Amino acid sequence: MYHLKSLARQGARRQQELATLAKALPTAVMQSSRGYATEHQIPDRLKDVPTAKDPRFFDMVEYFFHRGCQIAEESLVDDMKGKLTRDEKKQKVKGILMLMQPCDHIIEIAFPLRRDAGNYEMITGYRAQHSTHKTPTKGGIRFSLDVSRDEVKALSALMTFKCACVDVPFGGAKAGLKINPKEYSEHELEKITRRFTLELAKKGFIGPGVDVPAPDMGTGEREMSWIADTYAKTIGHLDINAHACVTGKPINQGGIHGRVSATGRGVFHGLENFINEANYMSQIGTTPGWGGKTFIVQGFGNVGLHTTRYLTRAGATCIGVIEHDGTLYNPEGIDPKLLEDYKNEHGTIVGYQNAKPYEGENLMFEKCDIFIPAAVEKVITSENANRIQAKIIAEAANGPTTPAADKILIDRNILVIPDLYINAGGVTVSFFEWLKNLNHVSYGRLTFKYERESNYHLLASVQQSIERIINDESVQESLERRFGRVGGRIPVTPSESFQKRISGASEKDIVHSGLDYTMERSARAIMKTAMKYNLGLDLRTAAYVNSIEKIFTTYRDAGLAF
């Protein structure tokens, strides 16, 4: 909750006001935020987060939220409509911002599992719904021994701001089961997943219009298919939209083409929007474009793999891969397809012959243009941020940078592209899959034939127009003088690129186009906000400001029921 205080502004000069308030409220964080004054106070319980070595994950998200509020609050007050005094507007804005902070619902579930060997154990899981300002809520389910109540709350909060950042109309949620999936058989994992689904359903924590899970760490299409099947055959057996209760499903279960690679492709598009901006590249001392760029990726799972593939295709060079059981380094480049094949065959990247194990202290400190943390949270801290040599950090993982490290990186002119934007490709394409399930038809099915015939009619029309013109007598004489040819047919053939698209966009084409557009539009909005508030390279605060303004508008326009 917020610790709100009423602050009277006395005196004629603004700088004197700020100085007085700063002395009176040393922990209130009354700051100018690069020239933009605010009264918003960061709660005392978060006062150590900006310098903490290992803050709680949820505290990190809360702190970034409050930092965004410091920038946005004054503008939100100015934009308030209605016959209210300024003090009344301030109180309303503070009230709505207060409403946006806490986690709305969180459930802890424990149930027994009878293992294949006959012994029993208890399984613990969580589901958090951070914000229901938009429904359904949306967020993945992860299977990991690191799952905790704090982590699930933090990830659900991050999902709220992530969805708002890229204009996906969902609230934020997250779930986790505290298990290591590698220690269970497929039969045991199916029993765990189906039982967890039933427990969520009984408590109203899953449903097409209520709460829609998705894959996350340790889960994939298989688990999502089990969830959809369990829900459809129990609680949702009369619901025609039952399979929209979860996304990331196999294609024949209502999944969508392009979902598996969506997060990695989103990371690529997000990077592309900033790496081609000469203004940002000049600030960090590099040139625009992919040519000659090197990168290191931490984590070679689904996100890391597809990110590496798309960046390599664009012309960048992967020189290092960090995994939990080993690292690879090759300054000449690592082929992501060959490494993927090796990992699929051996279950690890260790032993891959086309790169050497890194012999230094930590590969993430190696010189490169782009560092991509795509594994777990809090890998860049105040203790190692000064050793990062990359010029760009793309947060493909959730929460990889602590607030203290974030400040160090910005002060060092390192461009941090924040998690709530850069890894939003997954939830964006999940939104497309959810819409597909509600519409009960795949994208493009109704238009494929029409688009193909329309394109051929267009080519025929161009050909007829040209032939009609050249058959004119005056044109014939001119053509005969210049080319020695009169009349005849002039075939109009499609170019190679047009020929590939002439039959109309496939579902994957539509998904890729929609994702590209979403990431581009969101990037422009972040840049615009960063410029508006003079935030420089602080893209994280700009992204949070955008999210806060959108969520605030939803609450403001909907009103409070009670």
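Think of each number as a place in line: the chain as shown, counted from 1.
Note: Cβ is positioned from N, Cα and C throughout, glycine not excepted.
A strand conformation is recorded for Lys174 (active site) in the three-state DSSP classification. Counting only residues at least six positions away in the same chain, the Cβ atoms of Arg127, Ala128, His130, Gly139, Gly140, Ile141, Arg142, Val152, Lys153, Leu155, Ser156, Met159, Asp216 sit under 8 Å from the Cβ of Lys174 (active site). The feature active site is assigned by Swiss-Prot to Lys174, with sequence analysis given as support.
Summarising the annotation, Swiss-Prot assigns NAD(+) binding site to Thr132, His133, Lys134, Asp167, His243, Lys436 and lists similarity to another entry as the type of evidence. Residues near Lys436 (NAD(+) binding site) in space but far in sequence (CB under 8 A, at least 6 apart, same chain), listed by position: Gly254, Ile256, Ser442, Tyr443.
Positions annotated as substrate binding site by Swiss-Prot, on the basis of similarity to another entry: Lys138, Lys162, Ser430. Under the DSSP three-state reduction, Lys162 (substrate binding site) is assigned to helix. Neighbour count (other Cβ atoms within 10 Å of the Cβ, all protein chains): 28 for Lys162 (substrate binding site).
Per Swiss-Prot, GTP binding site is recorded for His257, Ser261, Tyr310, Arg313, and the stated evidence type is similarity to another entry. Around Ser261 (GTP binding site), the same-chain residues six or more apart in sequence whose CB sits under 8 Å from its CB are Asn302, His306, Arg309, Tyr310, listed in sequence order.
The ADP binding site annotation in Swiss-Prot covers Ser442, Arg521, and the record cites similarity to another entry as its basis. A simple way to gauge crowding: the CB of Ser442 (ADP binding site) has 16 other CB atoms within 10 angstroms, across all the protein chains here.
Taken from Swiss-Prot, the feature transit peptide applies to 1-53.
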If you count the other Cβ atoms within 10 Å of each Cβ, which of the binding-site residues His133, Lys138, Asp167, His257, Arg521 comes out on top? Lys138
Rank the binding-site residues Thr132, Ser430 by the number of other Cβ atoms within 10 Å of each Cβ and report the first-ranked residue. Ser430
Once the DSSP letters are reduced so that anything not helix or strand counts as coil, what is Ser430 (substrate binding site)? helix
CA pair Thr132 (NAD(+) binding site) / Arg521 (ADP binding site), Å rounded to integer, equals 24
